[in-house]
Amino acid sequence: APSPTTAVPYMSVKCIDVRKNHHKTKWLMPWGRNHCEKLKDFDEAVSRQIEANDIVFAVHIPLPNKEMSPWFQFMLFIMQLDIAFKMDNDLKENAEITLDVSLAYRDDIFDDWEEIAHAIEIRKLKCTFGSPKTLESEGRHYDCDFLPFMEIGSVAHKYYLINIRLPVNERKGINVGIGEIKDIRLVGIHQNGGFTKVWFAMKTFLTPSILIIMVWYWRRITLMTRAPVLLEKVIFALGISMTFINIPVEWFSIGFDWTWMLLFGDIRQGIFYAMLLSFWIIFCGEHMMDQNERNRLSGYWKQVGPIAVGSFCLFIFDMCERGVQLKNPFYSIWTTEVGTELAMAFIIVAGICLCLYFLFLCFMVFQVFRNISGKQSSLPAMSKARRLHYEGLIFRFKFLMLITLACAAMTVIFFIVSQVTEGHWKWGDITIQVNSAFFTGIYGMWNLYVFALMFLYAPSHKNYGEDQSNGDLGVNSGEELQLTTTITHVDGPTEVYKLARKEAQE
(Lines of atoms letter the chains of each structure in order from A and count residues from 1; the text may use other names and numbers.)
(Lines give C-alpha, C1' and ligand atoms only; values in the text may rest on other atoms or scores of the structure.)
Protein backbone atom coordinates (compact mmCIF):
# COMPACT_ATOMS: atom_id res chain seq x y z
CA ALA A 1 0.00 0.00 0.00
CA PRO A 2 1.17 3.59 -0.53
CA SER A 3 2.03 5.68 2.55
CA PRO A 4 -1.03 6.38 4.73
CA THR A 5 -1.12 10.17 4.35
CA THR A 6 -0.10 12.94 1.96
CA ALA A 7 0.80 16.53 2.92
CA VAL A 8 0.08 19.27 0.37
CA PRO A 9 1.36 22.86 0.90
CA TYR A 10 -0.94 25.76 -0.02
CA MET A 11 -0.07 29.46 -0.24
CA SER A 12 -2.94 31.84 0.44
CA VAL A 13 -3.78 34.61 -2.04
CA LYS A 14 -4.46 38.13 -0.71
CA CYS A 15 -7.81 39.31 -2.04
CA ILE A 16 -9.32 42.81 -1.76
CA ASP A 17 -12.83 43.02 -0.38
CA VAL A 18 -13.94 46.64 -0.08
CA ARG A 19 -17.64 45.87 0.26
CA LYS A 20 -19.26 46.23 3.63
CA ASN A 21 -20.83 43.30 5.46
CA HIS A 22 -18.05 41.13 4.05
CA HIS A 23 -18.56 37.38 4.22
CA LYS A 24 -22.35 37.39 4.01
CA THR A 25 -22.43 38.46 0.37
CA LYS A 26 -19.71 36.71 -1.55
CA TRP A 27 -16.91 34.17 -1.41
CA LEU A 28 -13.51 35.28 -2.70
CA MET A 29 -11.80 32.87 -5.11
CA PRO A 30 -7.99 33.04 -5.45
CA TRP A 31 -7.92 31.99 -9.14
CA GLY A 32 -10.08 30.71 -11.98
CA ARG A 33 -13.40 32.09 -13.17
CA ASN A 34 -14.68 35.03 -11.05
CA HIS A 35 -11.37 35.29 -9.21
CA CYS A 36 -10.87 38.15 -6.76
CA GLU A 37 -8.84 41.33 -7.19
CA LYS A 38 -5.40 40.42 -5.83
CA LEU A 39 -2.70 42.20 -3.88
CA LYS A 40 0.98 41.46 -4.42
CA ASP A 41 1.98 42.54 -0.91
CA PHE A 42 0.99 44.84 1.91
CA ASP A 43 3.10 47.72 0.59
CA GLU A 44 0.69 47.85 -2.35
CA ALA A 45 -2.22 47.87 0.10
CA VAL A 46 -0.69 50.84 1.97
CA SER A 47 -0.09 52.79 -1.23
CA ARG A 48 -3.70 52.12 -2.37
CA GLN A 49 -5.03 52.95 1.12
CA ILE A 50 -6.61 49.53 1.57
CA GLU A 51 -7.22 48.70 5.24
CA ALA A 52 -6.31 45.42 6.91
CA ASN A 53 -10.04 44.70 7.46
CA ASP A 54 -10.56 44.73 3.68
CA ILE A 55 -8.01 42.01 2.95
CA VAL A 56 -9.05 38.35 2.74
CA PHE A 57 -6.60 35.44 2.54
CA ALA A 58 -8.16 32.91 0.16
CA VAL A 59 -7.13 29.26 -0.25
CA HIS A 60 -8.72 26.88 -2.76
CA ILE A 61 -8.49 23.14 -2.05
CA PRO A 62 -7.20 21.28 -3.99
CA LEU A 63 -4.66 22.93 -6.28
CA PRO A 64 -5.80 23.93 -9.83
CA ASN A 65 -7.00 21.14 -12.18
CA LYS A 66 -7.38 18.62 -9.35
CA GLU A 67 -10.35 17.26 -7.36
CA MET A 68 -10.76 15.99 -3.82
CA SER A 69 -12.19 12.49 -3.33
CA PRO A 70 -14.18 10.67 -0.61
CA TRP A 71 -11.35 8.11 -0.60
CA PHE A 72 -9.21 10.74 1.20
CA GLN A 73 -11.33 10.08 4.36
CA PHE A 74 -10.29 13.19 6.31
CA MET A 75 -8.60 16.58 5.97
CA LEU A 76 -6.30 18.11 8.56
CA PHE A 77 -4.91 21.62 8.07
CA ILE A 78 -1.94 23.26 9.77
CA MET A 79 -1.24 26.99 9.48
CA GLN A 80 2.12 28.72 9.24
CA LEU A 81 2.45 32.50 9.37
CA ASP A 82 5.25 34.44 7.67
CA ILE A 83 5.85 37.35 10.06
CA ALA A 84 8.50 39.98 9.28
CA PHE A 85 10.30 42.10 11.89
CA LYS A 86 9.63 45.83 11.86
CA MET A 87 10.92 48.23 14.50
CA ASP A 88 7.62 50.16 14.67
CA ASN A 89 5.45 46.98 14.52
CA ASP A 90 7.14 44.43 16.74
CA LEU A 91 5.68 41.10 17.80
CA LYS A 92 4.81 41.41 21.49
CA GLU A 93 5.19 38.68 24.13
CA ASN A 94 2.41 36.03 24.21
CA ALA A 95 0.76 37.63 21.19
CA GLU A 96 -2.58 36.21 20.10
CA ILE A 97 -3.93 36.30 16.58
CA THR A 98 -7.68 36.45 15.94
CA LEU A 99 -8.87 34.70 12.77
CA ASP A 100 -12.27 35.17 11.17
CA VAL A 101 -12.46 31.95 9.12
CA SER A 102 -15.04 30.53 6.74
CA LEU A 103 -15.15 27.22 4.90
CA ALA A 104 -17.30 26.45 1.82
CA TYR A 105 -17.68 23.66 -0.72
CA ARG A 106 -19.02 22.97 -4.20
CA ASP A 107 -19.09 19.90 -6.45
CA ASP A 108 -19.02 21.70 -9.80
CA ILE A 109 -16.83 24.59 -10.92
CA PHE A 110 -19.93 26.50 -12.07
CA ASP A 111 -21.93 26.04 -8.84
CA ASP A 112 -22.21 28.61 -6.07
CA TRP A 113 -20.22 28.08 -2.91
CA GLU A 114 -22.14 26.59 0.04
CA GLU A 115 -20.96 27.43 3.55
CA ILE A 116 -19.91 24.53 5.82
CA ALA A 117 -18.61 26.46 8.81
CA HIS A 118 -17.73 29.93 10.02
CA ALA A 119 -15.90 30.74 13.25
CA ILE A 120 -13.81 33.35 14.99
CA GLU A 121 -10.77 31.58 16.41
CA ILE A 122 -7.87 32.75 18.58
CA ARG A 123 -4.42 31.20 18.21
CA LYS A 124 -1.35 31.85 20.36
CA LEU A 125 1.78 32.83 18.42
CA LYS A 126 4.98 31.09 19.47
CA CYS A 127 7.78 32.78 17.53
CA THR A 128 11.51 33.30 17.97
CA PHE A 129 13.82 35.80 16.28
CA GLY A 130 17.40 34.69 15.65
CA SER A 131 18.99 38.10 15.06
CA PRO A 132 19.24 41.18 17.31
CA LYS A 133 16.22 43.47 16.91
CA THR A 134 17.94 46.39 15.20
CA LEU A 135 17.27 48.45 12.06
CA GLU A 136 19.57 46.16 10.05
CA SER A 137 17.33 43.17 10.87
CA GLU A 138 14.15 44.79 9.51
CA GLY A 139 12.40 42.57 6.99
CA ARG A 140 13.80 39.33 8.37
CA HIS A 141 11.24 36.70 9.30
CA TYR A 142 10.43 35.25 12.69
CA ASP A 143 10.65 31.50 13.16
CA CYS A 144 7.09 30.57 14.16
CA ASP A 145 5.58 27.24 15.24
CA PHE A 146 2.86 25.54 13.24
CA LEU A 147 -0.67 26.38 14.39
CA PRO A 148 -3.49 23.80 14.34
CA PHE A 149 -6.07 25.19 11.93
CA MET A 150 -8.83 22.77 10.92
CA GLU A 151 -9.88 19.11 10.84
CA ILE A 152 -12.78 17.54 8.90
CA GLY A 153 -13.78 13.90 9.31
CA SER A 154 -14.93 13.35 5.73
CA VAL A 155 -14.06 14.59 2.23
CA ALA A 156 -17.47 14.37 0.57
CA HIS A 157 -17.05 17.23 -1.92
CA LYS A 158 -14.74 17.96 -4.85
CA TYR A 159 -13.77 21.56 -4.10
CA TYR A 160 -13.31 23.51 -0.88
CA LEU A 161 -12.62 27.20 -0.28
CA ILE A 162 -11.18 28.81 2.83
CA ASN A 163 -11.48 32.58 3.42
CA ILE A 164 -9.41 33.97 6.31
CA ARG A 165 -9.69 37.51 7.63
CA LEU A 166 -7.55 39.18 10.28
CA PRO A 167 -9.94 41.78 11.73
CA VAL A 168 -8.13 44.71 13.39
CA ASN A 169 -9.71 46.62 16.27
CA GLU A 170 -7.21 48.80 18.12
CA ARG A 171 -9.68 49.85 20.81
CA LYS A 172 -10.39 46.23 21.78
CA GLY A 173 -6.78 45.17 21.16
CA ILE A 174 -7.74 42.65 18.48
CA ASN A 175 -4.84 41.70 16.18
CA VAL A 176 -2.60 44.42 17.62
CA GLY A 177 1.08 43.67 18.27
CA ILE A 178 1.21 40.58 16.05
CA GLY A 179 4.05 41.90 13.88
CA GLU A 180 3.91 42.42 10.13
CA ILE A 181 2.22 39.39 8.58
CA LYS A 182 3.48 38.85 5.05
CA ASP A 183 1.79 35.57 4.11
CA ILE A 184 -0.37 32.77 5.43
CA ARG A 185 0.60 29.23 4.40
CA LEU A 186 -1.47 26.10 4.99
CA VAL A 187 -0.43 22.44 4.91
CA GLY A 188 -3.27 20.06 4.05
CA ILE A 189 -2.94 16.44 5.20
CA HIS A 190 -5.29 13.73 3.95
CA GLN A 191 -5.31 9.93 3.75
CA ASN A 192 -4.08 8.43 0.50
CA GLY A 193 -6.82 6.94 -1.66
CA GLY A 194 -4.66 3.89 -2.46
CA PHE A 195 -4.06 3.20 1.23
CA THR A 196 -7.81 3.59 1.94
CA LYS A 197 -8.62 0.93 -0.69
CA VAL A 198 -6.10 -1.55 0.79
CA TRP A 199 -7.43 -0.83 4.30
CA PHE A 200 -11.07 -1.36 3.24
CA ALA A 201 -10.14 -4.56 1.39
CA MET A 202 -8.42 -5.92 4.51
CA LYS A 203 -11.45 -5.15 6.70
CA THR A 204 -13.86 -6.67 4.19
CA PHE A 205 -11.78 -9.86 3.95
CA LEU A 206 -11.10 -10.24 7.70
CA THR A 207 -14.66 -9.60 8.97
CA PRO A 208 -16.21 -12.92 7.80
CA SER A 209 -13.16 -14.98 8.91
CA ILE A 210 -13.40 -13.73 12.52
CA LEU A 211 -17.22 -14.02 12.47
CA ILE A 212 -17.09 -17.66 11.30
CA ILE A 213 -14.55 -18.71 13.96
CA MET A 214 -16.58 -16.86 16.64
CA VAL A 215 -19.75 -18.78 15.75
CA TRP A 216 -17.81 -22.06 15.67
CA TYR A 217 -16.10 -21.28 19.01
CA TRP A 218 -19.31 -20.36 20.84
CA ARG A 219 -21.11 -23.40 19.41
CA ARG A 220 -18.33 -25.61 20.84
CA ILE A 221 -18.82 -24.01 24.27
CA THR A 222 -22.63 -24.31 24.23
CA LEU A 223 -22.30 -28.07 23.49
CA MET A 224 -20.73 -28.43 26.94
CA THR A 225 -22.94 -29.48 29.86
CA ARG A 226 -21.16 -26.96 32.14
CA ALA A 227 -21.30 -23.18 32.11
CA PRO A 228 -18.49 -21.35 30.22
CA VAL A 229 -15.44 -20.50 32.36
CA LEU A 230 -14.21 -16.90 32.70
CA LEU A 231 -11.38 -17.34 30.19
CA GLU A 232 -13.78 -18.62 27.52
CA LYS A 233 -16.13 -15.68 28.09
CA VAL A 234 -13.25 -13.18 27.86
CA ILE A 235 -11.94 -14.73 24.62
CA PHE A 236 -15.45 -14.48 23.16
CA ALA A 237 -15.72 -10.83 24.27
CA LEU A 238 -12.35 -10.17 22.61
CA GLY A 239 -13.72 -11.75 19.42
CA ILE A 240 -16.76 -9.45 19.57
CA SER A 241 -14.57 -6.33 19.99
CA MET A 242 -12.36 -7.49 17.08
CA THR A 243 -15.45 -7.98 14.90
CA PHE A 244 -16.68 -4.51 15.91
CA ILE A 245 -13.41 -2.92 14.75
CA ASN A 246 -13.40 -5.09 11.59
CA ILE A 247 -16.89 -4.36 10.23
CA PRO A 248 -16.16 -2.13 7.22
CA VAL A 249 -18.74 0.61 7.86
CA GLU A 250 -16.17 2.94 6.22
CA TRP A 251 -17.57 1.89 2.84
CA PHE A 252 -20.56 4.13 3.63
CA SER A 253 -18.23 7.15 3.99
CA ILE A 254 -17.63 6.96 0.21
CA GLY A 255 -21.29 7.71 -0.49
CA PHE A 256 -22.34 9.71 2.59
CA ASP A 257 -20.99 12.86 4.22
CA TRP A 258 -20.43 11.32 7.65
CA THR A 259 -18.10 13.69 9.48
CA TRP A 260 -18.35 11.60 12.67
CA MET A 261 -16.47 8.63 11.16
CA LEU A 262 -13.13 9.70 12.73
CA LEU A 263 -14.69 9.85 16.20
CA PHE A 264 -16.49 6.53 15.65
CA GLY A 265 -13.21 4.92 14.55
CA ASP A 266 -11.47 6.20 17.70
CA ILE A 267 -14.24 4.80 19.94
CA ARG A 268 -14.06 1.39 18.21
CA GLN A 269 -10.29 1.26 18.62
CA GLY A 270 -10.56 2.35 22.28
CA ILE A 271 -13.00 -0.48 23.07
CA PHE A 272 -10.67 -2.99 21.41
CA TYR A 273 -7.59 -1.68 23.27
CA ALA A 274 -9.42 -1.90 26.62
CA MET A 275 -10.63 -5.44 25.86
CA LEU A 276 -7.19 -6.62 24.67
CA LEU A 277 -5.33 -5.20 27.69
CA SER A 278 -7.91 -6.67 30.11
CA PHE A 279 -7.79 -10.03 28.34
CA TRP A 280 -4.00 -10.35 28.69
CA ILE A 281 -4.21 -9.76 32.46
CA ILE A 282 -7.01 -12.34 32.91
CA PHE A 283 -5.35 -14.77 30.49
CA CYS A 284 -2.10 -14.83 32.53
CA GLY A 285 -3.94 -14.72 35.87
CA GLU A 286 -6.08 -17.74 35.03
CA HIS A 287 -2.96 -19.78 34.27
CA MET A 288 -1.31 -19.13 37.65
CA MET A 289 -1.42 -21.89 40.22
CA ASP A 290 -0.92 -19.66 43.25
CA GLN A 291 -4.03 -17.56 42.69
CA ASN A 292 -7.02 -18.26 44.91
CA GLU A 293 -9.57 -16.10 43.09
CA ARG A 294 -10.08 -18.16 39.94
CA ASN A 295 -12.79 -18.00 37.32
CA ARG A 296 -14.29 -14.76 38.69
CA LEU A 297 -13.99 -11.33 37.14
CA SER A 298 -14.14 -9.70 40.59
CA GLY A 299 -10.73 -11.25 41.32
CA TYR A 300 -9.16 -8.95 38.69
CA TRP A 301 -10.69 -5.60 39.63
CA LYS A 302 -7.32 -4.18 40.74
CA GLN A 303 -5.82 -4.80 37.31
CA VAL A 304 -8.85 -4.26 35.06
CA GLY A 305 -10.12 -1.19 37.00
CA PRO A 306 -7.25 1.13 35.95
CA ILE A 307 -7.63 -0.02 32.32
CA ALA A 308 -11.34 0.94 32.44
CA VAL A 309 -10.54 4.34 34.02
CA GLY A 310 -7.79 4.96 31.42
CA SER A 311 -10.14 4.08 28.57
CA PHE A 312 -12.78 6.43 29.94
CA CYS A 313 -10.21 9.27 30.15
CA LEU A 314 -9.21 8.51 26.53
CA PHE A 315 -12.88 8.78 25.51
CA ILE A 316 -13.36 12.12 27.33
CA PHE A 317 -10.16 13.52 25.75
CA ASP A 318 -11.34 12.43 22.29
CA MET A 319 -14.80 13.95 22.80
CA CYS A 320 -13.17 17.26 23.81
CA GLU A 321 -11.26 17.35 20.50
CA ARG A 322 -13.12 15.41 17.79
CA GLY A 323 -16.54 15.72 19.41
CA VAL A 324 -16.42 19.54 19.29
CA GLN A 325 -14.96 19.46 15.75
CA LEU A 326 -18.24 17.96 14.49
CA LYS A 327 -19.78 21.40 15.13
CA ASN A 328 -16.72 23.57 14.58
CA PRO A 329 -13.93 22.08 12.40
CA PHE A 330 -11.60 24.98 13.36
CA TYR A 331 -11.63 24.06 17.06
CA SER A 332 -8.53 22.46 18.58
CA ILE A 333 -7.70 21.52 22.16
CA TRP A 334 -4.07 22.46 21.36
CA THR A 335 -4.86 26.18 20.96
CA THR A 336 -4.96 27.03 24.68
CA GLU A 337 -2.14 26.68 27.21
CA VAL A 338 -4.27 24.50 29.50
CA GLY A 339 -5.49 22.37 26.58
CA THR A 340 -1.97 21.80 25.25
CA GLU A 341 -0.61 20.90 28.69
CA LEU A 342 -3.53 18.54 29.33
CA ALA A 343 -3.17 16.90 25.91
CA MET A 344 0.60 16.50 26.28
CA ALA A 345 0.25 15.22 29.85
CA PHE A 346 -2.38 12.73 28.71
CA ILE A 347 -0.19 11.32 25.91
CA ILE A 348 2.88 11.09 28.18
CA VAL A 349 0.96 9.47 31.07
CA ALA A 350 -0.74 7.02 28.68
CA GLY A 351 2.67 6.05 27.24
CA ILE A 352 4.24 5.56 30.71
CA CYS A 353 1.23 3.53 31.95
CA LEU A 354 1.36 1.29 28.88
CA CYS A 355 5.09 0.63 29.38
CA LEU A 356 4.48 -0.21 33.08
CA TYR A 357 1.59 -2.44 32.04
CA PHE A 358 3.88 -4.29 29.63
CA LEU A 359 6.48 -4.86 32.36
CA PHE A 360 3.76 -6.17 34.68
CA LEU A 361 2.56 -8.50 31.92
CA CYS A 362 6.13 -9.80 31.42
CA PHE A 363 6.30 -10.52 35.16
CA MET A 364 2.99 -12.45 35.03
CA VAL A 365 4.14 -14.47 32.00
CA PHE A 366 7.40 -15.26 33.82
CA GLN A 367 5.40 -16.60 36.79
CA VAL A 368 3.24 -18.73 34.47
CA PHE A 369 6.39 -20.17 32.82
CA ARG A 370 7.83 -20.97 36.25
CA ASN A 371 4.64 -22.80 37.22
CA ILE A 372 4.57 -24.76 33.96
CA SER A 373 8.23 -25.78 34.49
CA GLY A 374 7.20 -27.14 37.91
CA LYS A 375 4.54 -29.24 36.21
CA GLN A 376 7.11 -30.67 33.79
CA SER A 377 8.85 -32.49 36.63
CA SER A 378 5.95 -34.98 36.77
CA LEU A 379 6.19 -35.90 33.07
CA PRO A 380 8.91 -38.62 33.26
CA ALA A 381 6.66 -40.79 35.46
CA MET A 382 3.98 -41.03 32.74
CA SER A 383 3.52 -43.46 29.90
CA LYS A 384 5.15 -42.49 26.61
CA ALA A 385 1.87 -41.65 24.83
CA ARG A 386 0.63 -39.41 27.60
CA ARG A 387 4.05 -37.80 28.13
CA LEU A 388 4.31 -36.87 24.45
CA HIS A 389 0.77 -35.51 24.57
CA TYR A 390 1.57 -33.24 27.52
CA GLU A 391 4.97 -32.19 26.16
CA GLY A 392 3.19 -31.08 23.00
CA LEU A 393 0.64 -29.17 25.10
CA ILE A 394 3.34 -27.42 27.12
CA PHE A 395 5.31 -26.49 24.00
CA ARG A 396 2.19 -25.02 22.35
CA PHE A 397 1.23 -23.16 25.50
CA LYS A 398 4.70 -21.61 25.93
CA PHE A 399 4.67 -20.62 22.25
CA LEU A 400 1.25 -18.94 22.70
CA MET A 401 2.55 -17.04 25.76
CA LEU A 402 5.56 -15.73 23.80
CA ILE A 403 3.29 -14.71 20.91
CA THR A 404 1.13 -12.90 23.48
CA LEU A 405 4.16 -10.93 24.72
CA ALA A 406 5.22 -10.07 21.15
CA CYS A 407 1.67 -8.94 20.33
CA ALA A 408 1.56 -6.82 23.53
CA ALA A 409 4.92 -5.18 22.75
CA MET A 410 3.86 -4.31 19.18
CA THR A 411 0.51 -2.95 20.40
CA VAL A 412 2.19 -0.69 22.99
CA ILE A 413 4.65 0.60 20.35
CA PHE A 414 1.79 1.12 17.86
CA PHE A 415 -0.29 3.10 20.37
CA ILE A 416 2.59 5.40 21.37
CA VAL A 417 3.77 5.96 17.77
CA SER A 418 0.23 6.69 16.48
CA GLN A 419 -0.32 9.23 19.32
CA VAL A 420 3.00 10.98 18.57
CA THR A 421 2.30 10.95 14.81
CA GLU A 422 -1.10 12.55 15.36
CA GLY A 423 0.35 15.09 17.77
CA HIS A 424 3.50 16.08 15.89
CA TRP A 425 1.67 18.34 13.44
CA LYS A 426 0.28 20.15 16.45
CA TRP A 427 3.64 20.41 18.23
CA GLY A 428 5.62 21.13 15.10
CA ASP A 429 8.96 19.68 16.15
CA ILE A 430 8.67 15.89 16.36
CA THR A 431 8.27 13.93 13.14
CA ILE A 432 7.83 10.19 12.76
CA GLN A 433 7.23 8.65 9.35
CA VAL A 434 4.88 5.72 9.81
CA ASN A 435 4.56 3.57 6.72
CA SER A 436 1.47 1.64 5.73
CA ALA A 437 3.13 -1.75 6.43
CA PHE A 438 3.15 -0.83 10.13
CA PHE A 439 -0.60 -0.07 10.20
CA THR A 440 -1.70 -3.05 8.11
CA GLY A 441 0.80 -5.36 9.87
CA ILE A 442 -0.41 -4.54 13.39
CA TYR A 443 -4.03 -4.80 12.29
CA GLY A 444 -3.42 -8.18 10.63
CA MET A 445 -1.53 -9.36 13.73
CA TRP A 446 -4.50 -8.57 16.01
CA ASN A 447 -6.86 -10.53 13.77
CA LEU A 448 -4.51 -13.50 13.52
CA TYR A 449 -3.97 -13.50 17.28
CA VAL A 450 -7.71 -13.44 18.11
CA PHE A 451 -8.34 -16.13 15.47
CA ALA A 452 -5.59 -18.36 16.96
CA LEU A 453 -6.90 -17.88 20.51
CA MET A 454 -10.41 -19.00 19.62
CA PHE A 455 -9.04 -21.91 17.61
CA LEU A 456 -6.71 -23.13 20.40
CA TYR A 457 -9.07 -22.47 23.31
CA ALA A 458 -12.23 -24.01 21.89
CA PRO A 459 -13.17 -26.93 24.21
CA SER A 460 -11.82 -30.21 22.87
CA HIS A 461 -14.13 -33.07 21.92
CA LYS A 462 -11.27 -35.59 21.94
CA ASN A 463 -10.84 -37.97 24.86
CA TYR A 464 -7.36 -38.56 26.21
CA GLY A 465 -8.99 -39.75 29.37
CA GLU A 466 -9.10 -42.58 31.79
CA ASP A 467 -8.78 -45.46 29.28
CA GLN A 468 -5.13 -44.50 28.73
CA SER A 469 -4.31 -43.79 32.36
CA ASN A 470 -5.24 -47.33 33.50
CA GLY A 471 -2.23 -48.75 31.72
CA ASP A 472 0.15 -46.11 33.08
CA LEU A 473 2.37 -48.53 35.00
CA GLY A 474 0.04 -48.04 37.95
CA VAL A 475 1.12 -44.39 38.25
CA ASN A 476 -1.79 -42.27 39.36
CA SER A 477 -0.10 -39.84 41.69
CA GLY A 478 -1.36 -36.45 42.83
CA GLU A 479 1.15 -34.88 40.41
CA GLU A 480 -0.44 -36.59 37.45
CA LEU A 481 -3.93 -35.81 38.66
CA GLN A 482 -2.90 -32.17 38.67
CA LEU A 483 -2.00 -32.45 35.02
CA THR A 484 -5.38 -33.93 34.17
CA THR A 485 -8.51 -32.87 35.96
CA THR A 486 -11.46 -34.17 37.92
CA ILE A 487 -13.82 -32.83 35.24
CA THR A 488 -14.24 -35.31 32.37
CA HIS A 489 -12.45 -34.31 29.18
CA VAL A 490 -15.54 -33.82 27.08
CA ASP A 491 -17.09 -31.29 29.43
CA GLY A 492 -13.91 -29.71 30.72
CA PRO A 493 -12.16 -26.54 29.59
CA THR A 494 -9.38 -26.84 27.03
CA GLU A 495 -6.39 -28.97 27.94
CA VAL A 496 -3.99 -26.01 27.83
CA TYR A 497 -6.19 -24.30 30.40
CA LYS A 498 -6.55 -27.46 32.52
CA LEU A 499 -2.82 -27.99 32.46
CA ALA A 500 -2.31 -24.91 34.58
CA ARG A 501 -5.48 -25.12 36.65
CA LYS A 502 -5.30 -25.28 40.41
CA GLU A 503 -7.48 -28.28 41.16
CA ALA A 504 -9.16 -29.67 44.24
CA GLN A 505 -6.57 -32.42 44.59
CA GLU A 506 -4.13 -29.91 46.05
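Backbone N, Cα and C define each Cβ position, glycine as well.
The transmembrane segment annotation in TrEMBL falls on one of the ranges 150-169, 230-249, namely 230-249.
Between the transmembrane segment (230-249) and the stretches 198-218, 261-283, 304-324, 344-372, 393-417, it is 261-283 that has the most C-beta pairs under 8 angstroms.
By number of Cβ pairs under 8 Å, the transmembrane segment (344-372) is matched best by 393-417 from the list 198-218, 304-324, 393-417, 437-458. Under 8 Å from some Cβ of the transmembrane segment (304-324) lie the Cβ atoms of residues 151, 153, 262-263, 266-267, 270-271, 273-274, 277-278, 281-282, 297, 331-333, 342-343, 346, 350, 353, 357, all in the same chain and six or more residues away from its ends.
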